[in-house]
Each structure stands twice: as structure tokens, then as C-alpha cells.
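Engineer: Okay, handing you the structure first.
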Amino acid sequence: MLGNAMVEACPAEGDAPVPITPAGRPRSGQRSYPDRLDVGLLRTAGVCVLASVMAHVDVTVVSVAQRTFVADFGSTQAVVAWTMTGYMLALATVIPTAGWAADRFGTRRLFMGSVLAFTLGSLLCAVAPNILLLIIFRVVQGFGGGMLTPVSFAILAREAGPKRLGRVMAVVGIPMLLGPVGGPILGGWLIGAYGWRWIFLVNLPVGLSALVLAAIVFPRDRPAASENFDYMGLLLLSPGLATFLFGVSSSPARGTMADRHVLIPAITGLALIAAFVAHSWYRTEHPLIDMRLFQNRAVAQANMTMTVLSLGLFGSFLLLPSYLQQVLHQSPMQSGVHIIPQGLGAMLAMPIAGAMMDRRGPAKIVLVGIMLIAAGLGTFAFGVARQADYLPILPTGLAIMGMGMGCSMMPLSGAAVQTLAPHQIARGSTLISVNQQVGGSIGTALMSVLLTYQFNHSEIIATAKKVALTPESGAGRGAAVDPSSLPRQTNFAAQLLHDLSHAYAVVFVIATALVVSTLIPAAFLPKQQASHRRAPLLSA
């Protein structure tokens, strides 16, 4: 397991005192960690950030390019949406294998292989001659990108140790949160200046740089002894997650979750996932994802909190730029600029949150973060309901929401592994990555369905959509709707604005309620810092 790799890995610093037992004897085989964030650790964090930001920015950049794909390939929005869905399904398929692969091949080699796969996928996407090949190459990207987050986190957890984990996650989290904010700006500029292919070509120098730096900076870790791979677990979980998320992601196009094209794959996926849970719980050796980690109270509460929080948070992420573009008539680049307060709020809060987590444990700071997210999202919903201009309500809500993200997301990830033994960290980080992905995917689909439901119950919006789909409007080819093509009736534009704002406000309020409900599992997170107490360690 990863224990061999972690225990035998080259230390970043060798001058720290050797840990001793209560009887005063050094603990043989254990690694010592300095209290400060040394240069070696910061270099390792920098390489992890470089690769992770590349993958995170790519997601937001591709979302900005959806209309451009429709126009250039002469396709439909339903087909083009698979450039996002295919990537998501690839993530769901590969993330469960990250823990085993880290143990089997070593985190250093797995990280470099993941960066290489993502970079090659980017090159293939850039030269794709049609929409079908673009979707296929996005899946290749997803196979590489799916490994990056859990493997990067395992590397950082190994190099930082429990006493420095909160601070190093704060250092890493700032650029990772700012990256997606800059994605729409970068994407809008590249598409306008050079064309959509450059949103993929820009990944090549970044990916190659991360590959070279990883080879230089990362310490060599020894893969664990060969173990029996859990093929049955893989055959149950990966298709289960992919099938379930396929069904859920199909719901916005169907307008309801009650459609058979949604229910059949979703129920099939849930059945496969349930079978995997039973298989993993009773498999005595090397399960793909060790569900027995949930016997650790800190792991269970952190994963439950992350899943519920992702439901409300990631669904609202999808709708923020959509609202700014559709209702406030902003361009993709403008909407990206106007979401910057969210990133600035996270940047302000994250260093404080990391230091507090190291001193006091994750519970209090996560609770504060969730309350801030709810307050910020509620403020934004209030501005939307009032049909307010961007200033001053909307940026205020975004900034408060960003501060909450800075106080909650990284501490939750840290809480999921902070009480685990070294050989369990890769499996623990894989577990919370899977739950975050599943929660975010369900939340995104849920918010899209709710918004579609609100749109379908407005005659004004239905009329506007019919106009937008006519060839004369240009919207079917990815262009904006010509206001002169709207029906010439009294106050039609004002009524359309009212109905659009009401639809978005309802969805944002529901997202806020989901975030508030996260306070329940978060209240049971560990109240103490990890070095002061250790949860019972499970055999792996």
C-alpha cells in the first residue's frame, strides 16, 4: 500500500528531530517533519498547483467555448454539451483507481503520467477536425485530469505531515481557486483573438513545464509490493459512477428527472454502486476504495459534509456566469471579470483558515466557512430577485461566498485524511475526491433541471426561446438574440427580465438551503487538532 512509499520517501528536510514515544524512545520507521513550511515543501506544492490549475482552468475555459463549438462545427447545444459531460464521465471512471495506482506505481510516476495524458489530450483536442473526435479527445483529457487532484493531495499530505497540512493546503488552495475565476477571462480572450483551438494549445507549455519540474522536484517514492488488483470493484464502481452520472447529466435536456432516459441509467448506476459498497466492505484485502475508512468518524463526517456542500455549491457555480450573461447581457470575458470578487474573498480567507486548522482542528473554521457561503449565496439571490444591477449587491455576495469557500473546501479535504495512517492517505484522498465529484455532478444537474422547470412555466420565456431558435435570430448558430426580433408587445422585455430573474432567484435560494443543511454533518467534525489525538487506524 502507500505506506511503503510514504515511509520510505526521501524527506524534504532532514534536520528535524526524530519523533519519540511517550517512553522517550524514537519511533522507528516514522518520518519527522519540521514545523515551518520549508523550501522543499513549497517547491513540491508549486508543482502540484501548476498541474492542478491547468486542469481546473481547462474546465471553465471549455464551458465558455460552448457557443463557439456550436457555430464552428454546425452542431447543436445538446451534442456540444458532451465536451463537458464526456470529461466528467472520464473523471468518474478513473478517480476510483487513483488510490491503487498510487500504491502500485508510486505517486511521482503516477503524477507525471497523468500530466502527460492530460497534455497529449489537449494537443489532440486542438487538432480535432469534428465534434465527435473533440468529445473523444476530451475523454482522454479526463483520464489524465481525474488522477491529478487525488494524487497531488496525497503527495502534499505525505510531504507536509499532519501539523503543516492546513497551512500548505492554504498555500495551494489560493491559486487553485483563482484559476477557475481566470478561466473565463482567458478563454474569452483566446477565442476572440486566436480561435477556440488555442484554449487547448495553451495547456502544452504548462503541462510540459509541470512534467519537467515534477521529475526534478518530487522525491522518488518506492511503489508498494505488487498486490491483487480489485477487478471486481473496478467493474462495479467505475461503470456504476459513469452510468449514474450519465443519467443525472441527461436530466436537464429532458427537463425532468422522471424521464426513463434519466431513471434507467441512474437506477442502474446506483445498483452497481450499492453492490460495490457491499463488495468493498467485506473484501479483506486491498479493495479499490476501502469503505471501512468510514469507521473513522473524522473521515465519515468530512466526506458527508463535502458531498452535501458540493450539491449546493457546484450547482450555483454553473449558474453564476450563466446569469450574468443571460440576464445582465455580459460577454463571457465580462462575466469572468465580474466573478473575480469570489476568488479574492477566497484568497483573503484561505491563509487564515489554514493556520486555524493547524492550531484548532477543522470543525470551527469549516462551520464558519459554510455560514459565509450561505450568507454570500443568499445575498446574491437577494440581488437577483430584486433585478439589481451588478453593483453593489452581487459582488458583495460573491466576495462573502469566496471567503466561505476559502474557509471550508481545503479544510474539509484535510479533515478527510488528517487522522489517517500514512498508508491510508491515498485511499482517503480518493474517497473524498469521488464524493466531491458525485455531489457536484448531482448538484449541477439538479440546479439545471430546476432552472429548466422554472423556464418552462413562463410563457414569456417560452416565447423568447422560440424566437432564439429561429434561423433569423442567429442564436441557433451561437450568436446573441437580436432584441428587435422579440415580439412587439407592451413591456415584453421587462416581463422577460422579471421571469428570468425570478427563475434564477428560486434556484439560488434552493442552493442556499442546501448549503445551510451542510451545517448538520459539519457540526460533528473533529474539534481538536490532529496531532493532539488520533482516530483508531484501520488495517488496509
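Cβ coordinates are placed from backbone N, Cα and C, and glycine is handled just like the others.
Bear in mind that the values here come from a model prediction, so they are computed numbers and not experimental data.
Checked Swiss-Prot, it gives:
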- 45-65: transmembrane segment (TRANSMEM)
- 78-98: transmembrane segment (TRANSMEM)
- 117-137: transmembrane segment (TRANSMEM)
- 171-191: transmembrane segment (TRANSMEM)
- 198-218: transmembrane segment (TRANSMEM)
- 229-249: transmembrane segment (TRANSMEM)
- 262-282: transmembrane segment (TRANSMEM)
- 304-324: transmembrane segment (TRANSMEM)
- 365-385: transmembrane segment (TRANSMEM)
- 390-410: transmembrane segment (TRANSMEM)
- 431-451: transmembrane segment (TRANSMEM)
- 505-525: transmembrane segment (TRANSMEM)
Engineer: Counting only residues 6 or more past its boundaries, what in the same chain has a CB within less than 8 Å of a CB in the transmembrane segment (229-249)?
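Structural biologist: Residues 85, 88-89, 92-94, 96-97, 100, 104, 257, 261-273, 275-276, 279-280, 283, 286-289, 434, 437-438, 441-442, 444-445 contact the transmembrane segment (229-249) from elsewhere in the chain.
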Engineer: Sequence gap of 6 or more, Cβ distance under 8 Å, 3 or more pairs: do the transmembrane segment (198-218) and the transmembrane segment (262-282) meet that?
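Structural biologist: Contact between the transmembrane segment (198-218) and the transmembrane segment (262-282): absent.
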Engineer: Below 8 Å between Cβ atoms, which of the listed ranges 45-65, 117-137, 431-451, 505-525 makes the most pairs with the transmembrane segment (78-98)?
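Structural biologist: Top-ranked stretch among 45-65, 117-137, 431-451, 505-525: 431-451.
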Engineer: Could you give the residue numbers and ranges of same-chain residues that sit at least 6 residues beyond the transmembrane segment (431-451) on either side and whose C-beta is under 8 angstroms from one of its C-beta atoms?
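Structural biologist: Cβ under 8 Å, 6 or more out: 88, 91-92, 95-96, 98-99, 149-150, 153, 241, 244-245, 248-249, 251-252, 255-257, 289-290, 293, 299, 302-303, 306-319, 412-413, 416-417, 503-504, 506-507, 510-511, 514.
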